[in-house]
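Heads up, the thing below is written out as structure tokens.
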Amino acid sequence: MPKTAYVRTKPHLNIGTMGHVDHGKTTLTAAITKVLAERGSGTFVPFDRIDRAPEEAARGITINISHVEYETDTRHYAHVDMPGHADYVKNMVTGAAQLDGAILVVSALDGIMPQTAEHVLLARQVGVNHIVVALNKADAGDEELTDLVELEVRELLTAHGYGGDSVPVVRVSGLRALEGDPRWTEAIGALLDAVDTYVPMPERYLDAPFLLPVENVLTITGRGTVVTGAVERGTVRVGDRVEVLGAAVDTVVTGLETFGKPMDEAQAGDNVALLLRGVPRDAVRRGHIVAAPDSVLPSRRFSAQVYVLSAREGGRTTPVSTGYRPQFYIRTADVVGDVDLGERAVARPGDTVTMTVELGREVPLEPGLGFAIREGGRTVGAGTVTAVVG
Ligand SMILES: Nc1nc2c(ncn2[C@@H]2O[C@H](COP(=O)(O)OP(=O)(O)OP(=O)(O)O)[C@@H](O)[C@H]2O)c(=O)[nH]1
Ligand SMILES: [Mg+2]
């Protein structure tokens with residue numbers, strides 16, 4: 001039976017759940033789909049369909065980002081459930097790079113924990129401009145303590161430029177909502193209303209040349225290699241020629257789907273799977289870019305303004321100097337780079353500095369692009385490209 005085509009009836013946005021390990025992101029994601037399924041606008045995705053890898057089930061944590069889709073009265077959403085565990089921040093950054101807005105999940109019992117703060121910082125860097133807070137496990141929390149957690153979260157958001165005073169903070173219980181408790185299914189409704197009204201529809205650059213940062217690569221037996229991700233700008237249709245930057249491959253899009261539904265044209269903001277003609281599975285990786293031919297010139301060198309995280313923020317305890325070689329997280333890519341601090345020579349934790357970076361491989365860069373710097377499994381810096389230097 002042919003699959004039903006995707007029909008665009010509502011504006012589409014990309015959102016997702018982020019926050020510290022075990023604060024309840026996956027439970028909340030499942031609860032959202034359940035509440036909306038009961039309203040008749042989507043399919044319930046149970047917890048074990050979101051955390052479905054054997055290692056995830058065995059360890060009780062999310063490792064890979066996972067996508068679900070749902071609709072509210074006014075919008076269609078692709079929702080990325082991100083891992084909270086410190087070892088999988090890498091995967092979290094990839095998920096966050098696609099978002100128009102995020103739901104920050106904070107356990108009312110635990111308050112702000114290290115990855116709560118790290119995720120807020122990373123979200124800011126990769127260009128997530130709006131955050132709504134879900135104070136989760138409110139079923140088990142003491143009201144006064146929850147008030148304190150709320151204050152603390154608002155302060156954290158303000159410190160990262162999110163205007164913590166006006167950010168919606170909704171007390172929820174993903175677990176009780178999943179069980180069908182009306183008080184808490186209503187709270188999920190309130191959370192979704194906050195997302196609908198607080199996260200604005202971003203400007204979509206439909207007329208720009210097509211560009212999609214690759215989030216994942218799959219093989220469909222008998223059909224070929226498929227890349228997935230959110231379209232950053234432009235549009236693409238079946239039959240269009242594209243190039244894969246990073247892989248140096250020219251190819252043609254032979255199939256286009258969103259959440260298993262075929263579409264004729266994908267546009268900026270859509271979360272899609274592209275079937276690429278004749279591309280070997282091993283040639284394409286997360287971090288590569290699929291773009292209209294000759295529309296972007298990738299480069300290796302750029303100058304940037306960088307904030308070096310203080311030790312208190314989970315950053316380094318010692319200064320960095322010219323010759324430092326950390327990993328740069330740019331869009332969905334993770335690339336090593338050589339740091340040159342010029343005459344300044346050293347940057348201490350807590351400093352904001354300008355630097356020149358030479359990446360280990362070419363990537364499409366442009367002024368204003370945000371990135372994170374990580375080393376040995378932790379985030380040590382946050383920066384913005386100020387100029388591309390050849
Ligand atoms: N009391 C209570 N427990 C909850 C609630 N939501 C989640 N939990 C429990 O918290 C634990 C962690 O839930 P998850 O949804 O896996 O947390 P997570 O944030 O997705 O964890 P990672 O993805 O590994 O970072 C589970 O035992 C849940 O049953 C809630 O609203 N109330
Ligand atoms: Mg999870």
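Using the three backbone atoms N, Cα and C, a Cβ is placed for every residue, glycine included.
Predicted, not measured: the structure shown is a model, and the values here were computed from it.
The annotation domain 'Tr-type G' is assigned in TrEMBL to 10-203.
The GTP binding site annotation in TrEMBL covers 19-26, 81-85, 136-139. In the three-state DSSP assignment, the secondary structure recorded for Asp22 (GTP binding site) is coil.
Per TrEMBL, the feature Mg(2+) binding site maps to Thr26.
Candidate binding-site residues: Gly19, Lys25, Thr26, Met82, His85. Fewest other C-beta atoms within 10 angstroms, His85.
Cα separation, His85 (GTP binding site) to Thr26 (Mg(2+) binding site), rounded: 13 Å. In the shown protein chains, 22 other C-beta atoms lie within 10 A of the C-beta of Ala138 (GTP binding site). Confidence across the domain 'Tr-type G' (10-203), taken as the mean pLDDT and rounded to a whole number, stands at 95. Across the structure, Thr26 (Mg(2+) binding site) and Ala138 (GTP binding site) place their CA atoms 16 angstrom apart.
Within 10 Å of the C-beta of Asp22 (GTP binding site) there are 17 other C-beta atoms, taking all protein chains into account.
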